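Structure first, commentary second.
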Amino acid sequence: MXNFTPVNGSSANQSVRLVTAAHNHLETVEMVFIATVTGSLSLVTVVGNILVMLSIKVNRQLQTVNNYFLFSLGCADLIIGAFSMNLYTLYIIKGYWPLGAVVCDLWLALDYVVSNASVMNLLIISFDRYFCVTKPLTYPARRTTKMAGLMIAAAWVLSFVLWAPAILFWQFVVGKRTVPDNQCFIQFLSNPAVTFGTAIAAFYLPVVIMTVLYIHISLASRSRVHKHRPEGPKEKKAKTLAFLKSPLMKPSIKKPPPGGASREELRNGKLEEAPPPALPPPPRPVPDKDTSNESSSGSATQNTKERPPTELSTAEATTPALPAPTLQPRTLNPASKWSKIQIVTKQTGNECVTAIEIVPATPAGMRPAANVARKFASIARNQVRKKRQMAARERKVTRTIFAILLAFILTWTPYNVMVLVNTFCQSCIPERVWSIGYWLCYVNSTINPACYALCNATFKKTFRHLLLCQYRNIGTAR
């Protein structure tokens, strides 16, 4: 991916003169080496980005809004690998521009438009991810395929409007062409200050914005992953499995139910048989407050009554946290043919402790009750699995964005630092250093597909299936 041709403005003119002067010193072996290396990089870039685009096209698992932005970035990288790399290699090897003014202007326009579109795609990816993690309730509703297409189109159209007319028609605006026929640079970038201004707008400012956004993305993503992380063994052990603490609900006074009925409880997604509690009656029983909510296939509701776990002094207005009560089993009307799921909320101090009971009407009614309980257990397990999948997606997307931004910064920084230095010292940078720095910008287009594969296992598997012609396995790659 490149954003500047190394031959633009006064710094570009200096580079062109150095290229021309050094050409006579290039030996045949040196030119063959340059052609081999750059040709190989061009081939890898083209193949890699075609794989990216095909993977998103054929694998439905990869057809997400975020990957559509990567598809657009892959298009830009493909153009860089197919055209810009090879034309610049020709310029370096021959030491002059041999293709004339028209091809020169078309190359520069294509190079700048595609490079600017790449930067804007990176900004879109960063902003998209930032809004996803900071506005998870409102932004996803507007994050549609149509919206992604409009944003991608806007990035390309804006890049074209900013660069193509100025590069192609500036000579007609000023009335003459000042670029020699054997050289190729942008005419309106006539001094180092202007070149540095374009570097600020096209590189330094986007890098600052993307870095700040990524810091916020990383912090918000870690917070969400930690929030939805499944409980560990220690956390589960410290928590009473049959009870869930909830805000205090409106109490209602009940009486203790008769004992003797069997009971099942839903605990952490598993159906367990709870033994009948053995709780001796307290010396001075005081009515407890509890709330009972039931649901059953017969739409019946019955009250639940509890035996108080401890006695209260009438002189106390408030009481410290009481021990969690043991729920008493309850019986139903023998004539009822429906089993019920009972949710009992027990007040302990300023909290409520809630448990779920499955109460059979008759032994024959145990089966439907167990089926309902298993359904609830399945729902609980699905929720845990979804939380784990969401955490995995968060990490995967964040890693991919980090890799892309890191590759962009590492490969584009050397050239743009040289642009800054050249503003104050036009003879401080050797010609070969200019060429290497500019080629690093192109190498970014080679690295991006590797970033996708290393950070996303689905991309990696789809790449492998495409390369091995295992087309039947592509749809199952996850």
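Each residue's number is its place along the chain shown, starting with 1.
Yeah, the Cβs are placed from backbone N, Cα and C, and that goes for glycine too.
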Looking at Thr458 and Cys184, does Swiss-Prot assign them to the same side of the membrane (meaning the same named topological domain)?
no
Just to confirm what the record says: which one of Asn13, Asn116 has N-linked glycosylation site annotated in Swiss-Prot?
Asn13
Look at the disulfide annotations in Swiss-Prot and name the partner of Cys184 from this list: Cys75, Cys104.
Cys104
Least Cβ-crowded entry, counting other Cβ within 10 Å, from the modified residues listed as Thr458, Thr462:
Thr458
As a test of reading the model: what is the averaged pLDDT for the topological domain 'Extracellular' (422-435)?
86
I'm trying to understand the geometry here, so how far is the Cα atom of Thr462 (phosphothreonine) from the Cα atom of Cys104 (disulfide bond), in Å to the nearest whole number?
38
Between Cys104, Cys184, which of the disulfide-bonded residues has the fewest other CB atoms within 10 angstroms in the structure shown?
Cys104
Between Cys104 (disulfide bond) and Thr458 (phosphothreonine), how many Å separate their Cα atoms?
40
Give me the Cα-Cα distance between Thr458 (phosphothreonine) and Cys184 (disulfide bond), rounded to a whole Å.
42
